[in-house]
Amino acid sequence: MSSTGIDVGGSPPNNSQKSSDQEKGVSSSSLNQASHDERKKGPSSLPSISGSQEEDNIMRRQLKSRHIQLIGIGGTIGTALYVQIGRGLLQGGPASLFLAFTIWCSFILAVTLCMAEMVTYLPISSPFIRLAGRYVDEAFGFACGWNFFIFEAALVPFEIVACNVILHYWKGSEIWYGEVEFWAALGKVLLIIALLVFTVVVMLGGNPTGDRFGFRYWNDPGAFAELYHTGDLGRFLGFLQCLIQASFTISGPDYVSMAAGEAENPRVVMPRAYNAVFYRLTTFFMLGSLAVGILVPYTDDEMKVAFSTGAPGAAASPYVIAMNRLKIRVLPDIVNAMVLTAAFSAGNSYVYCASRSLYGMALEGKAPKVFTKVTAKGVPLYAVLVVLGISLLSFLQVSNDAAVVLQWFVNLVTASQLINFSSMCATYLRFYYGMKAQGFKRDDLPYKAMLQPYAAWYGLVGTFIMTFVGGYTVFLPGKWDVPTFLFSYTMIAVCPILYLGYKFVKKTKVYRSDEIDLVKNVDEIEEYQRTYVPSPPKNAFDRALDWMFG
C-alpha cells in the first residue's frame with residue numbers, strides 16, 4: 001500500500017476506544033465493506049510509493065487542534081488584510097468593499113465544505129494535491145500540485161516585500177513550528193480584534209479631535225466609487241475590483257488541509273478546525289472591510305499617494321492612516337510593528353505549506369524524490385530550503401518600486417489561488433460522484449458536508465470565472481502593461497501546459513466514476529484512529545488552550 005507520508009505508529013493500542021469508531025472515523029458498516037470490495041478493482045495506473053515507511057521519509061502527527069486552527073488563521077491573515085485592503089477601498093468605495101468581501105466569503109464556504117469532507121475522510125499529507133491525482137487524473141494532480149507550490153512559494157517574497165513597504169513607515173521541529181505559528185497567529189487575531197474595537201470607539205467620538213463621525217464617509221464622498229468610467233458602469237467596475245481584492249485576501253481551507261498529515265487525531269480534529277477557521281476568518285474579513293470603509297474616505301490623499309507613488313509609508317495600513325488623520329500618537333507605531341510581525345508570521349505559514357506541497361508531490365513521484373527526505377524531527381529539509389531560495393525574488397524591489405513589485409506578486413498569486421480553489425471543487429465533485437457510483441454511503445463518512453454537490457458546483461463556477469477576471473484592466477483602453485499581464489495570466493497558461501505535458505509523457509487518463517480509488521491509504525488512517533491514545537495536557541495552561549481551541 002502507498003505510504004501516507006506520515007507516521008501512523010508509536011501509540012499503544014487502546015481497546016476501550018475501539019467502540020467509538022463512529023466518532024473518530026468511518027463506521028464499520030457499508031464503508032468498510034465497500035473498501036474491501038473496491039480495493040480489488042482500483043485503477044492500476046495509480047503510482048505507488050514503497051510501503052516500507054523508511055525512517056527518513058516519515059512525518060509525525062504532533063499538531064493539536066489549536067495548532068491547526070491557528071495555522072489556518074495565521075496563513076490567511078497577513079499584510080493583505082492591513083495593507084492591500086486599502087487599494088480596494090480606493091477603487092471601489094466602502095460599500096463595494098464590504099459587499100465584495102461578504103460575497104466572496106460564500107465562495108470560501110463552498111470550498112471549505114468540499115475540503116472538509118474529503119480531507120477528514122483521508123487526512124494524508126498534501127491531501128488535495130494528491131487526491132486530485134487519485135480522483136480526477138494523475139496529470140491533473142501534477143498540474144494542481146505545481147500550481148499550489150508556485151502559489152505558496154510566491155507568497156513568501158510577497159510578504160518580504162510587504163515588510164519592506166511597512167518598514168518605510170519609520171524610515172528617516174514540527175511541534176516547534178506549530179507552537180511558533182500558534183502564538184504568532186494568536187497575536188494577529190488579537191490585533192484585528194483590537195482594531196475593530198478601535199473603530200467602534202473612534203467612530204463614536206472617542207478620539208483626540210472629539211469627532212463623532214460614524215458612517216459619515218459612506219455619505220461624503222459616498223458608498224460607491226467610480227473606477228475607469230462614470231455612472232453605473234464605473235461603480236460596477238469599482239465593485240469588481242474589490243471582488244478581485246477579496247479573492248486574493250480571503251482563503252483558509254487550503255492552509256488547514258496542508259496540516260492534515262501532521263494532525264493529531266485528524267478525523268476528530270479536522271472538522272472542528274475547518275469550521276472554526278471559516279467562521280472566525282469570515283468575521284474578521286467582513287468586519288475588517290467594514291471598519292476600513294468607516295475609518296478612511298476613499299478620496300484620502302495620503303492613501304492615494306501611497307498606492308500611486310510608493311513613497312515612504314506608501315503601503316502603510318489604512319488603520320495607521322486613520323490614526324494619523326485623528327491625530328492619535330504612538331498607537332500608529334505600535335500597530336505598524338504588529339502588522340510587520342503579521343507579515344513574518346504569514347511568511348512562516350507559506351514556507352510551511354509550500355514545502356509540504358513539494359514533499360507531497362515527491363511522495364507521488366511528481367517531484368524529485370530528494371524532497372521526500374525529512375529530518376529526525378519530521379521536517380522536509382530540502383523542500384524548505386528550496387522555498388527559502390525562492391524568497392530571493394523579493395530582491396526585485398531593488399530595481400523597481402516596492403509597491404509595484406507588491407502588486408506583481410498579488411496578480412501572480414491571485415490567479416494561482418483561484419485555480420487552486422477551482423481544482424479543489426472539481427476534485428470533490430469526482431469524489432462525490434465516485435462515492436455514489438461505487439455504493440459508498442456519505443452518511444458513514446466521519447464528516448458529511450451540507451449542500452453538496454451544489455456547493456461544489458457553486459464554488460467551481462465562481463472561482464473559475466474569477467480566475468480570468470483578475471487582470472481584465474490591462475485590456476481597457478490605455479491600460480496595457482506587460483508585467484501586469486504576465487503576472488495575471490501566466491499561471492492560467494502554465495497549468496494546461498503542465499497538465500497536457502504530463503498526460504502526454506505518462507499516458508494518463510481521466511478516471512470514470514467507477515474507477516476512482518477511494519480506499520487507498522484508508523486502512524492506515526483507520527489503524528491510526530483505532531490505536532490513537534490522546535496525550536494529556538502538560539499543565540493547566542495547556543489544558544485551558546486545548547479547551548478554548550478544542
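The backbone N, Cα and C atoms fix where each Cβ goes, and this holds for glycine too.
Taken from TrEMBL, the feature region 'Disordered' covers 1-54.
Residues or ranges marked as compositional bias 'Polar residues' by TrEMBL: 12-34.
Helix, strand and coil content of the domain 'Amino acid permease/ SLC12A' (67-170), in residues and according to DSSP, is 95 helix, 0 strand, 9 coil. Annotated domain 'Amino acid permease/ SLC12A' per TrEMBL: 67-170 (among others), in sequence order.
What TrEMBL lists as transmembrane segment is 68-85 (among others).
For 97-124 (among others), the entry in TrEMBL reads transmembrane segment. Within its own chain, the transmembrane segment (97-124) has Cβ neighbours under 8 Å at 4-6, 26, 85, 88-89, 130-131, 239, 242-243, 245-247, 249-254, 256-257, 260-261, 263, 266-267, 270-271, 274-275, 277-278, 281-282, 285-286, 288-290, 292-293, 421, 424-425, 427-428, 431, 442, 445-452, 455-456, 458-459, 462-463, 521-522, 525, counting only residues six or more beyond its boundaries.
The transmembrane segment feature in TrEMBL is assigned to 145-170 (among others).
Annotation source TrEMBL lists domain 'Amino acid permease/ SLC12A' at 176-510 (among others).
The annotation transmembrane segment is assigned in TrEMBL to 182-206 (among others).
TrEMBL lists 277-298 (among others) with the feature transmembrane segment.
For 334-353 (among others), the entry in TrEMBL reads transmembrane segment.
Annotation source TrEMBL lists transmembrane segment at 374-396 (among others).
Taken from TrEMBL, the feature transmembrane segment applies to 408-433 (among others).
Look at TrEMBL and you will find 454-476 (among others) tagged as transmembrane segment.
According to TrEMBL, the feature transmembrane segment maps to 482-502 (among others).
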Against which stretches of its own chain does the transmembrane segment (454-476) lie, if we need a Cβ under 8 Å and a gap of at least six residues from its ends? 106-107, 109-111, 113-114, 228, 240-241, 243-244, 247, 411, 414-415, 418-419, 421-422, 424-426, 428-429, 432, 484-485, 487-489, 492
Calculate the per-residue pLDDT averaged over the domain 'Amino acid permease/ SLC12A' (67-170) and state the result as an integer. 80
With a Cβ cut-off under 8 Å, give me the same-chain residues at least six positions beyond the ends of the transmembrane segment (277-298) that come close to it. 69, 72-73, 76-77, 81, 85-86, 88-95, 97-98, 100-102, 105, 108-109, 112, 189, 192, 195-196, 199, 202-203, 214-215, 217-218, 220-221, 225, 246, 249-250, 252-253, 255-256, 318-319, 321-322, 325
